[in-house]
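Note sheet for the following structure.
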Amino acid sequence: MARRWSTKESPRWRSALLLLFLAGVYGNGALAEHSENVHISGVSTACGETPEQIRAPSGIITSPGWPSEYPAKINCSWFIRANPGEIITISFQDFDIQGSRRCNLDWLTIETYKNIESYRACGSTIPPPYISSQDHIWIRFHSDDNISRKGFRLAYFSGKSEEPNCACDQFRCGNGKCIPEAWKCNNMDECGDSSDEEICAKEANPPTAAAFQPCAYNQFQCLSRFTKVYTCLPESLKCDGNIDCLDLGDEIDCDVPTCGQWLKYFYGTFNSPNYPDFYPPGSNCTWLIDTGDHRKVILRFTDFKLDGTGYGDYVKIYDGLEENPHKLLRVLTAFDSHAPLTVVSSSGQIRVHFCADKVNAARGFNATYQVDGFCLPWEIPCGGNWGCYTEQQRCDGYWHCPNGRDEINCTMCQKEEFPCSRNGVCYPRSDRCNYQNHCPNGSDEKNCFFCQPGNFHCKNNRCVFESWVCDSQDDCGDGSDEENCPVIVPTRVITAAVIGSLICGLLLVIALGCTCKLYSLRMFERRSFETQLSRVEAELLRREAPPSYGQLIAQGLIPPVEDFPVCSPNQASVLENLRLAVRSQLGFTSVRLPMAGRSSNIWNRIFNFARSRHSGSLALVSADGDEVVPSQSTSREPERNHTHRSLFSVESDDTDTENERRDMAGASGGVAAPLPQKVPPTTAVEATVGACASSSTQSTRGGHADNGRDVTSVEPPSVSPARHQLTSALSRMTQGLRWVRFTLGRSSSVSQNQSPLRQLDNGVSGREDDDDVEMLIPISDGSSDFDVNDCSRPLLDLASDQGQGLRQPYNATNPGVRPSNRDGPCERCGIVHTAQIPDTCLEVTLKNETSDDEALLLC
């Protein structure tokens, strides 16, 4: 009664197989991309940092360890992408996750947009089907560290929302959508309009009572899977391994038949129970293959058909004899129902485990194994190490040998040509696997072990152009052409980057140029204005202002102008100017000199002073006797003119006396004497001696003429007047030169201790273009009160006794009389004493004056 299925499938059934489903992993939940030959990893890649990419049109996804408990504290994610314009439908087949009120402990989410949750489920109730609105979805599974359950198992299918035609193993919904045939009448609305469940209600209506007929004692009632009506079957069909009832009533609660064996040969074959008939529900078989050789074992499934209803049936293949999840090579399910399937081990041992649920059954599988390099007795070697093929595979248009030996030299084709199929169409070797179909059925591009030059060999034995590799498009169908691609920047990006860098560089140069220009303008503006000195610079450059003339007099550093001593009224101005000239040369007074003439000698400075007509002062030494000298009294002009003339006279005393008489006569109203000739003195000594002698004579005679008083004249010594005058002049000149030499020597050693006048001279800046030096010294009004006999003092010491009124003349013979003030550098210490002279310095001064001025007392 049971219907037997043919061992060979028709071409129509083969072409109508379910669209290359992706196999789910039993125990580990690992997934792999589906193609004609699918390799599934033993360890899931979904439970990691990145989601597992799935591109197959359909498949099964299970939680890690299903149907056993899933691990604690895991996070798994899957990303399913369909073709553009398609939608994805998910149908849950088993679901058992720890439940909570808001599903915040263990949960499963489905998202159309990343990180935007649209579906969350937990608990033990199977969720309703999920239909996406986009061509991609994210599936995420999370578990905490508490309770673990069995997990979930779901199937997905992708297709367009409306198809004109569906495959023979698919069901067309009322809205035009196609779903797998197995989803019909499963109490799940995968169509979206419940059209896949409406027809089931009509078919499930039990027949009327009249349709039932009583069965004999050795029979049982069964809803035939073939006629779909209740019938009576003999008891012998129960638990025979063959399903006769639609509801599997004849094979439920039966003992599982013993299956599986230990295979120890280099080659062999095995199959599922009752093959090619349906295997019994609940079958659990294991085959251990141990060839005793270290070489690889090649396992081929020539026929494979499993049931996918309920929990699903599966076949697991392990590398080795132990059931080690880490050595899992492949998991085959109902979605791998195509042949041939090939699995290669890494050693000479393989473990094959087959498990079926008790819900439904299918035809099963047929498999062969052999050591790498050996062929089965009924196979023909391909040559070398290229494998084997059978006689049925000869000239069938499909390459079973990598070198094409099973398809070469066929009767319908010429030499070195290969048939497209058994219809007589052939093609040359150069057209094989070049990604260009020359056969109507495309057999020249199938099962390509090698590709023509310029093509890339995909993992699913397809060939694509090399230029299509790493172009961000899946051309192989399994994504192998986009794996391990280097990060190559497109030419457009490089061009844009170069142009952008050039523009940025140009802008940078312009910015730098503008910055430099602004900086130069800023610095130019800063140089155009005077900036204030910093505090440190101001402290370094700050100099103390020199004291005023009044402060110097008040402090006693310099004497008043009235204190300069003179021998006669006519001689006062000349002697004062001469003393100041010598003092300025020695550094004791402030005289402003031009820069070019400061290195001149002392005598050029003395005789090069010009008279200033605007200052009211006297020139130092004038060679012009007729020059008018301003004064406060007109009676003093003849005396001063006479003094000027006598400074330049080098004649005898008689000549001087005669000249004095002329001057006196002219002064008293007589006839004016002729002007004397301008004879310049030969030396400064003669000028100095002449000035002293003339001043003495003028003072004596002027006293008789003006005052009318009798003055006792001093008798000259026995020596001749000329010799006495020369001796006195030489003595005074010697003393002056000795004073100058001493002062010059002391000035170099006490340069750091200069007088205030010298400091004043250094601190005052004058005009560099002044050629003349003026010495503004007022003329004393008390010249008539001076003692005419006080001309015996040294030349450089004449102003020491000048005071506010009449002062006692200095007498060298009376050392008890101490002058109150003394100008000029001290002979002992080299310092100018403008106030009281110390006793130590006074003793040395008195001693020198006593010894040096004895010859000068003749005046």
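Just so it is clear, glycine is given a Cβ too, placed from its N, Cα and C backbone atoms.
Residues annotated as domain 'LDL-receptor class A 3' in Swiss-Prot, with sequence analysis given as evidence: 374-411. Residues or ranges marked as domain 'LDL-receptor class A 5' in Swiss-Prot: 450-486. The feature N-linked glycosylation site is assigned by Swiss-Prot to N75, N146, N284, N366, N409, N441, with sequence analysis given as support. Residues annotated as signal peptide in Swiss-Prot: 1-32.
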Legend entry - Residue, out of the glycosylation sites N146, N366, N409, N441, whose Cβ gathers the largest set of other Cβ atoms within 10 Å: N366
Inset, instruction - Between the Cα atoms of N366 (N-linked glycosylation site) and N284 (N-linked glycosylation site), find the distance and write it as a whole number of Å. - result: 16
Legend entry - Tally of residues which DSSP labels helix, strand or coil - the domain 'LDL-receptor class A 5' (450-486): 6 helix, 6 strand, 25 coil
Inset, instruction - Provide the number of Cβ atoms within 10 Å of the Cβ of N75 (N-linked glycosylation site), excluding the reference atom itself. - result: 12
Legend entry - For N146 (N-linked glycosylation site), the one of N75, N284, N409 that lies nearest, given that the glycosylation sites are compared by Cα: N75
Legend entry - Overall pLDDT for the domain 'LDL-receptor class A 3' (374-411), taken as the rounded mean: 80
Legend entry - Candidates N75, N284, N409 (glycosylation sites) - the one closest to N441 (N-linked glycosylation site) by CA: N409
Inset, instruction - Work out, from DSSP, the number of helix, strand and coil residues along the domain 'LDL-receptor class A 3' (374-411). - result: 3 helix, 6 strand, 29 coil
Legend entry - Rounded distance in angstrom between the Cα atoms of N284 (N-linked glycosylation site) and N75 (N-linked glycosylation site): 31
Legend entry - Other CB atoms within 10 A, centred on N284 (N-linked glycosylation site): 13
